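Enquirer: Before I ask anything, here is the structure I am working with.
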Amino acid sequence: MKKGIHKNFLILIAFTITHITNAIFNRVVMAKFFFNFPLFISILQYGILLLIIEIASSQNIIKLQPYTLERGKQLMIPSILYSISTYYTLIALDGVNLHMFPLMTKLAPLVAIGIIFFFSEDRDTLTVGKIGVIGLIVLFSSMSVYFFYSFQPMSWLYGIFVALALPYSFRLFYLQAEKSNIKDVIYINCFNCFGLFMISDLMLTEIKYVYYYYQTSTSILFYISIIMQVTTGILSYILLMYIIKKLGLITTTVTYTTLQSLQLFFAYLFSLILFYDVTPTVFNIINIWLCVITTIYYFVKHCKSISFLDRSTFKFTINSNKR
């Protein structure tokens, strides 16, 4: 990478790679190996990250404020919304179980616009052109995951909930990151999510069934896959928090929505969705790339996140956009 590339741009690229890789391994672990335990996967991911953070803090590698009930309470609402959203995303597995779920979640950027318009002083940044481009991103991303109409009230309900809850949690994380260190936000939310998932397991008792699975259905390839799934999940979570801090609500939500569509292309490319009743058509693939192209245009034209500063050396940076 050239020296002129800003570290925020590197964070965005790293998030793209880890998010797509994590989505692919989610499919491998949960669909190929039939390890359908999303609650345990979440517990494992946040538990390992929490252990790493605690060890790093005890060795003075990173400096963090200690977790207290007061700090945990400040982030409890976004933690609940974020943890439920990620859990629903895992159990839906991009429409394998809930066919209309992915379509409804693609409305998230429009919800982000509504949040900025009604609850933020930055509403003057919402130009007609910017809203129009975001609308096209929503349209193309929705069509990229549309295979057929299915009347499943729960899939509609879950999808709408995620479309509402995820952007709102991003906004609350951003506001908290404005008042404190982003590392503290990552740590406190990780602690909250781990506790929420552990409490949920008291009712769903997934860990017990995971033990039975390990006794009968494991292999070396499975262990490699779940290690990669957890590792990329941890990295994706950390990078997402940094992007929320650096780029703000709308840009983060647009990026997240586009990657949710783009990962479908890579899953198809690596033949990881052949177990579907249907596979992506040319129509879906075209809309995926239209979504990607429109998102790039959004970055360059409207949010001014990418600027070519030195054409002679092709150095470019990505600036903080907190809208």
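In case you wondered, yes, glycine gets a Cβ from its N, Cα and C as well.
Quick paste from TrEMBL:
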TRANSMEM  33-53  transmembrane segment
TRANSMEM  74-93  transmembrane segment
TRANSMEM  99-119  transmembrane segment
TRANSMEM  131-149  transmembrane segment
TRANSMEM  155-174  transmembrane segment
TRANSMEM  186-214  transmembrane segment
TRANSMEM  220-244  transmembrane segment
TRANSMEM  256-276  transmembrane segment
TRANSMEM  282-300  transmembrane segment
Enquirer: Cβ pairs under 8 Å with the transmembrane segment (220-244): which stretch of 33-53, 155-174, 282-300 has the most?
Expert: 33-53
Enquirer: Please figure out which one of 74-93, 155-174, 282-300 racks up the most CB pairs under 8 Å against the transmembrane segment (186-214).
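Expert: Out of the listed stretches, 74-93 contacts the transmembrane segment (186-214) most.
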Enquirer: Go through 33-53, 74-93, 131-149, 282-300 and flag the stretch with the largest number of C-beta pairs under 8 Å relative to the transmembrane segment (155-174).
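Expert: Comparing 33-53, 74-93, 131-149, 282-300 against the transmembrane segment (155-174), the winner is 74-93.
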Enquirer: Within the same chain, where does the transmembrane segment (282-300) have neighbours whose Cβ lies under 8 angstroms from its own Cβ atoms, ignoring anything closer than 6 residues to its ends? I mean 6 or more beyond.
Expert: 130, 133-134, 136-137, 140-141, 143-147, 251, 254-255, 258, 261-262, 264-265, 268, 306
